[in-house]
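The domain 'Methyltransferase type 11' annotation in TrEMBL covers 56-158. What TrEMBL records for 202-286 is domain '18S rRNA (guanine(1575)-N(7))-methyltransferase Bud23 C-terminal'. Annotated region 'Disordered' per TrEMBL: 213-289, in sequence order. Sequence annotations record features per position, and here TrEMBL assigns compositional bias 'Acidic residues' to 219-233. According to TrEMBL, the compositional bias 'Basic residues' annotation covers 243-255. Annotated compositional bias 'Basic and acidic residues' per TrEMBL: 256-272, in sequence order.
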Amino acid sequence: MANRPELLAPPEIFYDETEARKYTSSSRIVDIQAKLSERALELLALPEDGVPRFLLDIGCGSGLSGETISEYGHHWLGLDISASMLNVAVEREVEGDLLLGDMGQGLGLRPGVIDGAISISAVQWLCNADKTSHEPRLRLKAFFGSLYRCLSRGARAVFQVYPENIKQRELILRQALQAGFGGGLVVDYPHSTKKRKEFLVLTCGSVQTSIQTGKNECDEGCSEDDFSEDEESGMVSMSDRNRPRKRQKPNKKGKTREWILRKKEQSRRKGNDVPADSKYTGRKRKSCF
């Protein structure tokens, strides 16, 4: 895990001018980026009516993913925190519009203007605290909340992610669901240690019942070296969850004894000084003595 770029430096520092040009000039990276972008657009499931959509490429870098979006006939807006990456994108004369910004501070786009969003290997950067003021949970909350607002109703967002561990995966998914999204995780080649790819597929508003199945290793040929023995059996590893329900407000006419005891116990866990429970706890007081 020592070679993970997010563990070496913040993205705006790691992807300096040298690293940005090195990244874009690698034919291997260009090929991988194109395949991941095509898969993300496939999971985005845009209507095949010939009408161009306005898509958001989060962590667009030098515009490699944006080129795939343009090839599919759509318009796009790219957001990235690295000025060096965006400078390379300008030199390459990509067709999309470019925006310099930190997704962890929110997107700042008008509500409902985006028809879909993709992101390749970017969201996991928010799980790292690069500054003393950075709190991963709050940065993910700001990101997913602003993304939910700028997406049109029923639009999808697809994120290809490389979570470092299960804790990061759960943190990302939890914050997405709390922002109002529905959806889950799609894993391509779940048994392969080399080809395994995770895609977080989210829907804004009403949740569609079907999510495309992940790809299997033997669709393109496989060998025993590509498999991991500790993987569970099955073609797809997917967590499909719906939008969490809002908590019901307590009855204004009166709070029950169970509700009061539960609130007192929560306050005790926080270290507050709470009066002891008794047979009078939660009992309705008479109007006069």
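The backbone N, Cα and C atoms fix where each Cβ goes, and this holds for glycine too.
The DSSP breakdown of the compositional bias 'Basic and acidic residues' (256-272) into helical (H, G, I), extended (E, B) and coil residues amounts to 13 helix, 0 strand, 4 coil. Within the domain 'Methyltransferase type 11' (56-158), the DSSP-based counts of helix, strand and coil residues read 40 helix, 28 strand, 35 coil.
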